[in-house]
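Following: one structure in structure tokens, then a few remarks.
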Amino acid sequence: YNHRGWTGNGMLDFFTIFSKGGIVLWCFQGAGVSESFAGPVNALIRSVILQERSGNNSYTHEALSLKYKLDNEFELIFVVGFQKILTLTYVDKFIDDVQLHFRDRYKNELEQKGALKLINNSFEFGDDFKILLREAEDSSKARGPAAMRTFKESEKSQKTVKSMIETKGGEKVKEPVGKKNKNTKKEGSSKSPKPQKPRGKQMRVWDIGGRDTKELDHSKRNGDDSLNGTFFLDFSSKKGGAFGGMFGMLKGLVGSKSLSRDDMESVLEKMKDHLIAKNVAAEIAYQLCDSVAKKLEGKVMGTFTTVASTVKLALQDSLVQILQPKRRVDILRDVMEAQIQRRPFVVTFCGVNGVGKSTNLAKISFWLIENGFTVLIAACDTFRAGAVEQLRTHQRRLNSLHPPEHHEGRPVVQLYEKGYGKDAAGIAMEAIAYARNQAFDVVLVDTAGRMQDNAPLMTALAKLIAVNVPDLVLFVGEALVGNEAVDQLVKFNQALADHSMSDKPRLIDGIVLTKFDTIDDKVGAAISMTYITGQPIVFVGTGQTYNDLRSLNARAVVSALMKA
Ligand SMILES: Nc1nc2c(ncn2[C@@H]2O[C@H](COP(=O)(O)OP(=O)(O)OP(=O)(O)O)[C@@H](O)[C@H]2O)c(=O)[nH]1
Ligand SMILES: [Mg+2]
């Protein structure tokens, strides 16, 4: 009695079931097998399957033997891998059994064509597989008459199939069963009994594309890969027997088909939810996806591209486009130009309460001072208790960082304040006049926070801006903001337009995005704010010290947005 130490599943290195589009529906990795089998499987796909070398159903890759089986009805590929030195007599029959069983069990799911439908299904096949494997191994151990054994085994397996289908109910198998199956690359979240798993199912995809090799990476456990450079193909493009050859599907693919809205719908829906999860305002996520769809409708996709990857690329392009400044914003240069005209460069900060207007105004003061300019801070928040003192504290600190002794005895930053309760627009005007007189390079106007729905306060702000015509109107908004971003910006701009005294009203012409340090990768507010205003994010606040001021890295933001 010698089983060479194996415990029932020790003979196979792996077993994987994937669609001809490359979506991995299910896979199994043998106990103690640590090598990724992405390499061998991708090699099999490249050198056998894609080239229609389907003569005998086996393939060797280094020390591995691979056997595969095609299911042309459901467009599935079953691949098993084991060490070449092992002669596993049961493998051929085993593949057949697994194929039949898998088809039987997931008939309903497999009949719904379309890559996304496949992805959204959870194929909890582990327990069934183990039973089949044990039976196959047992039958090979007991070297009885082959015919008899096969018959007996198949009867047995049929029984198991039935009992399992009954208990689990045949259709959508989403409940957390089969968790003993430690060898499949499972997800923590699949333990959750909730039916909807937001990023629960780990999608694995083989490199069917054949161009750049995206291999299966087992170290990655971050759930939903569908937005993450994967390939999957849409079967909806298949029309009857229009494709020649057994693997016509893989080669022709969507190559000659132009995209319709229907093709993209499910992908777009997924993208939209993804963007919303990244804190992009829902309305904007919707509009973005809509415009991507419009951009792609009717487009003929290249060979080996997929709906998902096409949509993803288009979306990525749009996001970069949105974040790319349409207008040059170079404050230092503008300040120098104003210097030449012997006038101060005036910046007004506005925004709702507590978003970081005063703090970031102080950081920008520091940055200007470091660049050799002098700053006058106009304390035009005459409303909130402590607002003036807060600015005075900053002014003191900044002057101690850059003592007057180092600047020809002149303080680099000064505060212009008239206490509380007075008219902010008037104070701003006096401050600008004072700055002109005293040859300050820049005036930074702090204003009181106000909710966008507070009409009197919004009017007062619009008046301040209309009367003083600052060079730059900066809207300060928190990166934490979600749907609210749209309402804030629309109403601030509306107020400025309504109370403008010119036919070319001064609107918000730049954004300070604050508290960027507190949002992880939920960077969606950057998109919402630039999308709605068409104006650039001029500064990003990343903390509470004077140094925590950055410019926006559009590429990094987009990659954070696309990241699963
Ligand atoms: N983590 C972090 N905190 C910030 C940032 N910017 C501002 N804050 C904090 O946000 C809080 C509010 O900042 P203020 O500058 O007083 O905000 P405000 O918009 O002037 O507030 P009001 O004048 O009352 O409307 C303070 O505790 C700041 O330290 C930032 O970029 N990151
Ligand atoms: Mg303030």
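In case you wondered, yes, glycine gets a Cβ from its N, Cα and C as well.
TrEMBL annotations: computationally assigned, not manually curated.
As recorded in TrEMBL:
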type     : residues : note
REGION   : 142-221  : region 'Disordered'
COMPBIAS : 168-189  : compositional bias 'Basic and acidic residues'
COMPBIAS : 209-221  : compositional bias 'Basic and acidic residues'
DOMAIN   : 536-549  : domain 'SRP54-type proteins GTP-binding'
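Taken as a whole, the domain 'SRP54-type proteins GTP-binding' (536-549) shows an average pLDDT of 96 in this prediction. Only residues 6 or more beyond the boundaries of the domain 'SRP54-type proteins GTP-binding' (536-549), in the same chain, are considered here, and those with a CB under 8 A from a CB of the stretch are 323, 325-327, 329, 331, 356, 359-360, 362-364, 366-367, 397-398, 401, 472, 474, 479, 510-517, 526, 529-530. With DSSP classes pooled into helix, strand and coil, the tally for the domain 'SRP54-type proteins GTP-binding' (536-549) is 0 helix, 6 strand, 8 coil.
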